[in-house]
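This report concerns only the one structure given below.
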Amino acid sequence: METTGDKKNSSSLDKSCDTNDFQADANSSSKENYEFDDLLRLVGGFGRYPMLLYAFMCLMTVPIGLQQLVLVFYGASPPFQCVASSTTMNSSNCEIDKCCANCTEYEFKGKYTSAVSEWGLICDKNHLKALTQAAYLAGLLVGSYAFSSISDHLGRRVAVFLSIAILAVCGTVSAVADCLSLFALFRVGAGAAAAGCLLSRFVYCMELSVTSNRTAAGFVSNIFMTVGYAILALLAYLMRDWRHLMLAVSVPGVLLLLFWWWIPESPRWLVAHNRLDEAHGLLMKYATKNGVSVDPKQLRHMISEVRKADVRKNDTRKYGTCDLVRTPKLRKRIIICCFNWFVNALVYFGLSLNVKNLAGDMYLNFFMLIIIELPSALLAWFCLQRFGRRIPYCAFMLIGGVAGMLVLAVPSKAEYQAVITTLAMIGKFCILSTFLTIYVFTAELFPTVIRNTAVGVSSMMARIGAILAPYIVLLADLPNLNKKLPLVIFGILGVTAGIVGLWLPETLFSPMPQTVEQAEAWPEDYKIYCCKQPGPKKSNAGSKKVNTGEEEGQKLCDVESQV
């Protein structure tokens, strides 16, 4: 899951890197408390060069978007009907898209092909269709853990390019696989690589920016997933052969590997792993490209102090997963967050896969489900800044859930199918807003010493929800079950998650705790914020003072007292 990675565990100052120059400079200078953000500000902040690197990492997101939802199209089932046979039955007695007793062969009559039509994944083999889709989603779970370790130990740059290479290879092999088992195996590999690239490039983007800009950096980079989805919709419409489509979304990733020689390692990672000379050279390059003049000795001294601060922090107590449930407040928060991450992923992927069950053209419906993600993301960003995290999150979740449940009230007649499609669009609009919000919300709910662990555990629950999504959608294909059932299930889960989320405290105007003790001792904010008014700018850019609600000058609606 997406973590900042700016204070990773490393061995010690005695590691193999040459640090004599840094030690000498540090000893000859007065000691000050520096953070890595101070280094970035010194070399020009988010100037031209970091912006160029950030743009490339956003570009890296597009191939992930191409792969992420291609499972909608290779898992789609063209219209089929039983083939007449003198030994079985008359095909006129069997309706289109219906499984018939005693039928041994079906004919697909659609204008497109898919893995379903090639391997006959219908009727008694219907579960295998869901398996091919779940294989990719299971790969996301595997890759989140595998590449988080690679990213921490070998570097962000290695993890990003390695994952893109694996994604291109697995995607290409999937396109030419001649058996279902081989296809499913390489879909797992593609999912693992996609998760690795998402994680590594997200961390890289976050590490390019100072803390105050980190939320925006992560938020904007994730929007480029939608660009990949939109390109996928166009490619799928133009390429009706599923193997050609798989090649089209896989091969272009190879071109990104050419940038290996121009993209440097993250300087935060270099400092965290005691590669101080490399970090110094890279930060000097940042300054040169940004047009900033920097004293090399001052930069060496600051790098040394940042490294020492990291070592001191790493020498403190290590926290693990058990600490998430050891105290009452954190236990409540992690349980609610895990459930909400589970629901977000299940509903998001479920609504995307359920596009085949909506009335109208599948390609147009898919494009509409994708294009609404852009206004959804913009609205979510506006609401997060103006109304806090808690109320917008729960409101979006409840609205989306109610939209899903309302399909029960819509007649199944053909003239009302557009209403069901509209309700599905509303649900997708809302779930994208909540998905973007839950990333920020979860990170702010937990103290620094255990924040990455909390996001990681919550992300694992999201992957489990995603794996189950194809099987929920599969319920619409079962005999004697209403095709509305998946949407109703998504709606019930959304309403439940929205109600449960009200037990989470607001975090927008609260200082972020550093320790578990602070998280337990500080009061929880359950105020309802109508509008946040921007406060006065601070003259000291390096100030570590935390903004309170009063400092931001926000206006409050009817307010509950703090708990």
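Cβ from N, Cα, C; glycine included.
Note: TrEMBL annotation is automatic and uncurated.
According to TrEMBL, the compositional bias 'Basic and acidic residues' annotation covers 552-563.
Annotation source TrEMBL lists domain 'Major facilitator superfamily (MFS) profile' at 53-509.
What TrEMBL lists as region 'Disordered' is 535-563.
Counting residues 6+ beyond its ends, the transmembrane segment (51-76) has Cβ neighbours under 8 Å at 112, 114-116, 129-130, 132-133, 136-137, 160, 164, 167-168, 171, 187, 190, 194, 197-198, 201, 204-205, 208-209, 217, 220-222, 224-229, 231-232, 235-236, 242, 245-246, 249-250, 252-253, 256, 259, 263-264, 352-353, 355-356, 362, 366, 470 in the same chain. The annotation transmembrane segment is assigned in TrEMBL to 51-76 (among others).
Under the heading transmembrane segment, TrEMBL lists 134-151 (among others).
A Cβ distance under 8 Å defines the sequence-distant neighbours of the transmembrane segment (158-177), meaning residues of its chain 6+ beyond its ends; these are 57, 60, 63-64, 67, 143, 147, 150-151, 183, 186-187, 189-190, 192-194, 196-197, 199-201, 204, 243-244, 246-247, 249-251, 253-254, 256-257, 260, 263. What TrEMBL records for 158-177 (among others) is transmembrane segment.
What TrEMBL records for 183-204 (among others) is transmembrane segment.
If you look at the transmembrane segment (216-239), the same-chain residues 6 or more away from its ends with a CB under 8 A from one of its CBs are 2, 54, 57-59, 61-66, 68-70, 73, 201-202, 205-206, 208-209, 245, 248-249, 363, 366-367, 370-371, 373-374, 377, 381, 436, 439-440. Residues or ranges marked as transmembrane segment in TrEMBL: 216-239 (among others).
Positions annotated as transmembrane segment by TrEMBL: 245-263 (among others).
Residues or ranges marked as transmembrane segment by TrEMBL: 334-351 (among others). Through the fold, the transmembrane segment (334-351) approaches residues 137, 324-325, 369, 397, 400, 404, 424, 427-428, 431-432, 434-435, 438, 441-442, 445-446, 454, 457-459, 461-466, 468-470, 472-473, 486-487, 490, 493-494, 496-497, 500-501, 503-504 of its own chain, all at least 6 residues removed from its boundaries and within a Cβ separation under 8 Å.
Here TrEMBL flags 363-384 (among others) as transmembrane segment. Tertiary neighbourhood of the transmembrane segment (363-384): same-chain residues 69, 72, 219, 222-223, 226, 229-230, 232-233, 236-237, 351-352, 355, 392, 396, 421, 424-425, 428-430, 432-434, 436-437, 440, 508, selected by CB-CB distance under 8 Å and a gap of 6+ residues from either end.
Annotation comment: TrEMBL describes 391-410 (among others) as transmembrane segment. Counting residues 6+ beyond its ends, the transmembrane segment (391-410) has Cβ neighbours under 8 Å at 340, 343, 347, 380, 383-384, 416, 419-420, 423-424, 426-431, 433-434, 437-438, 441, 484, 487-499, 501-502, 506, 528-529 in the same chain.
Marked as transmembrane segment by TrEMBL: 416-441 (among others).
If you look up TrEMBL, you'll see 453-473 (among others) marked as transmembrane segment.
Nonlocal intrachain contacts for the transmembrane segment (485-504), taken as residues 6+ away from its ends with a CB within less than 8 angstroms of a stretch CB, comprise 332-333, 336-337, 339-340, 343-344, 346-347, 350-351, 354, 357, 390, 393-398, 400-408, 420, 423-424, 427, 430-431, 441, 445, 472-473, 475-476. For 485-504 (among others), the entry in TrEMBL reads transmembrane segment.
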Legend entry - Recorded stretches the transmembrane segment (453-473) and the transmembrane segment (183-204) touching, at least 3 CB pairs under 8 Å: no
Inset, instruction - Please average pLDDT over the domain 'Major facilitator superfamily (MFS) profile' (53-509) for the predicted structure. - result: 86
